Amino acid sequence: MAEEKKLKLSNTVLPSESMKVVAESMGIAQIQEETCQLLTDEVSYRIKEIAQDALKFMHMGKRQKLTTSDIDYALKLKNVEPLYGFHAQEFIPFRFASGGGRELYFYEEKEVDLSDIINTPLPRVPLDVCLKAHWLSIEGCQPAIPENPPPAPKEQQKAEATEPLKSAKPGQEEDGPLKGKGQGAAAADGKGKEKKAPPLLEGAPFRLKPRSIHELSVEQQLYYKEITEACVGSCEAKRAEALQSIATDPGLYQMLPRFSTFISEGVRVNVVQNNLALLIYLMRMVKALMDNPTLYLEKYVHELIPAVMTCIVSRQLCLRPDVDNHWALRDFAARLVAQICKHFSTTTNNIQSRITKTFTKSWVDEKTPWTTRYGSIAGLAELGHDVIKTLILPRLQQEGERIRSVLDGPVLSNIDRIGADHVQSLLLKHCAPVLAKLRPPPDNQDAYRGEFGSLGPLLCSHVVKARAQAALQAQQVNRTTLTITQPRPTLTLSQAPQPGPRTPGLLKVPGSIALPVQTLVSARAAAPPQPSPPPTKFIVMSSSSSASSTQQVLSLSTSAPGSGSTTTSPVTTTVPSVQPIVKLVSTATTAPPSTAPAGPGSVQKYIVVSLPPTGEGKGGPPSHPSPVPPSSSSPSPLGGSALCGGKQETGDSPPPAPGTPKANGSQPTGPSSPQPAL
């Protein structure tokens with residue numbers, strides 16, 4: 001049976017009727033049966049031949065599925081024009097459908113809700129296409145610009161700075177002195193023999209690279225000139241652009257020696273001249289260089305650290321120390337020193353320990369002026385909580401007595417008094433957070449006074465504030481908030497006062513509004529001279545599901561005291577299937593006495609609440625609305641309003657803040673109810 005089936009498949013040919021159909025479509029009415037049979041055999045052979053060639057292409061492509069491209073290649077191999085049209089990269093999953101005697105294959109597309117398309121915000125406008133030219137090479141050298149890759153990566157700069165012997169140097173060959181030193185330094189021929197000395201004198205002479213002057217190109221010299229002039233110039237816009245270029249340009253590796261020398265010499269000259277502005281500009285240059293991710297400043301720290309520390313502990317940085325704010329420069333430079341210690345301090349260079357020793361030595365000295373004392377404390381405090389705990393807290397009592405002797409003693413110098421005040425503020429600022437972590441609550445001023453002296457009460461108050469601020473920040477971190485950036489439309493219905501019963505009104509909010517805020521304001525005449533009875537409070541609640549919306553009709557009744565008449569105003573509210581925001585508006589305005597009717601009236605306050613469905617989008621059952629409290633409970637403390645009746649207002653802006661006048665002139669007499677957190 002298997003052999004017969006294979007034989008049947010191998011002799012499969014097209015039916016002769018198909019040839020007749022093709023001939024009739026071409027205008028040939030009568031064709032003989034023998035001719036149809038010959039054409040059928042020929043077409044079947046050609047189709048099988050093309051299929052075999054296509055299978056060969058499939059096998060050569062190491063694929064398991066035959067594609068249309070294989071058929072095209074087979075047709076091209078036979079010099080047959082291939083089929084033209086659109087080709088899909090993936091197989092299209094067609095679905096089959098039949099009905100009415102017809103068979104149809106179609107591509108199933110995903111159904112898209114029209115409301116989703118309408119409510120989807122428009123995408124951002126794409127940027128315009130622009131072309132920018134830059135130099136790939138100038139005289140055979142690649143320029144160091146942001147468009148080109150950096151000439152030396154940061155890892156290579158670090159390797160050259162920390163391990164210069166391991167980096168490949170030009171002029172040193174494989175059989176040079178480095179290789180001889182590495183192989184012959186620890187070589188031993190046998191037991192009992194002494195180690196051979198390094199063959200430095202026996203081998204070939206050293207090939208020393210001649211000292212060359214590192215010259216900058218004309219473009220780099222021009223860039224250096226423009227950058228330095230802009231950084232210390234008078235134009236703030238150019239200075240900002242220059243600092244941004246220093247912080248982001250990847251091609252400044254060759255100009256780092258010039259920049260470090262410029263900063264070092266600039267600080268040395270301007271400290272003598274007490275030029276505070278230029279010192280600030282130079283420190284901003286240091287900050288920009290440290291922010292550049294492509295630069296490694298290890299080889300230039302020996303020039304930058306003295307310049308920065310000079311701006312911290314210098315006795316005088318400006319011409320008028322009692323007026324100019326040189327304290328901000330000392331704080332900024334202290335943060336720079338802390339950043340340098342964080343990035344470049346190792347167990348080999350001990351940068352942080354040496355800087356800490358310098359600051360401590362200047363602070364402990366009794367003859368140190370208050371400006372230098374402030375800078376030393378700021379530099380130590382910026383190094384971290386461990387430094388504060390170890391070096392600053394044990395000396396708080398002595399420093400507090402020194403500060404008290406200046407502030408409470410006879411006035412010797414206004415500069416000393418200002419400096420002592422700044423030192424006291426600095427100590428309270430940095431020590432309070434550390435003490436809040438070290439000491440358990442509660443905080444007692446007597447205990448602080450006994451441990452820290454005159455600074456104890458002030459430290460206690462600052463520690464209490466630090467604890468409260470930390471607790472507030474923890475609450476803000478743990479609280480989940482939802483920020484809604486879409487505009488909130490407000491729909492307000494105002495009715496004019498009528499002597500007779502009010503007519504029913506219908507209020508509907510369209511479902512296309514994303515987050516509606518519904519506000520119903522009941523208008524009445526001016527307040528009567530006698531005190532009005534407590535108003536009636538109505539709460540309208542509705543729940544919505546993903547399939548349909550829930551409508552509730554609530555009759556609002558107002559009755560004048562002492563009369564038997566009752567006014568009924570049913571309001572029907574349609575809530576869309578989204579989560580609206582609860583909005584409460586209650587206003588009251590006194591009309592002129594000439595237009596106010598004599599009869600008393602009542603006031604209504606409406607709260608519209610819509611609860612989201614429990615399993616929205618997941619097929620879960622909708623949530624049930626909360627029970628509506630009776631209208632007679634919880635009288636409202638807010639009054640009504642006299643508005644221009646018969647006008648419907650719809651706005652796209654958020655509702656006004658409490659206490660602001662509305663567009664129709666009415667003002668709220670009491671605070672609105674707080675909006676619940678979403």
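Note that Cβ sites are derived from N, Cα and C of the backbone, with glycine treated the same way.
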Of the residues Y45, Y105, Y253, give the one that Swiss-Prot describes as phosphotyrosine. Y253
Phosphoserine per Swiss-Prot, picking from S264, S425, S555, lands on S264
Phosphothreonine per Swiss-Prot, picking from T248, T390, T589, lands on T248
Hey, which of S532, S653 does Swiss-Prot call phosphoserine? S653
Mapped onto three states, the DSSP assignment of T120 (phosphothreonine) reads coil
By a 10 A CB contact count over all chains shown, which of the modified residues listed here is most packed: T120, T248, S264? S264
Let's check the environment of Y253 (phosphotyrosine): how many other CB atoms sit within 10 Å of its CB? 20
T248 (phosphothreonine) and T120 (phosphothreonine), distance between Cα atoms, whole Å: 38
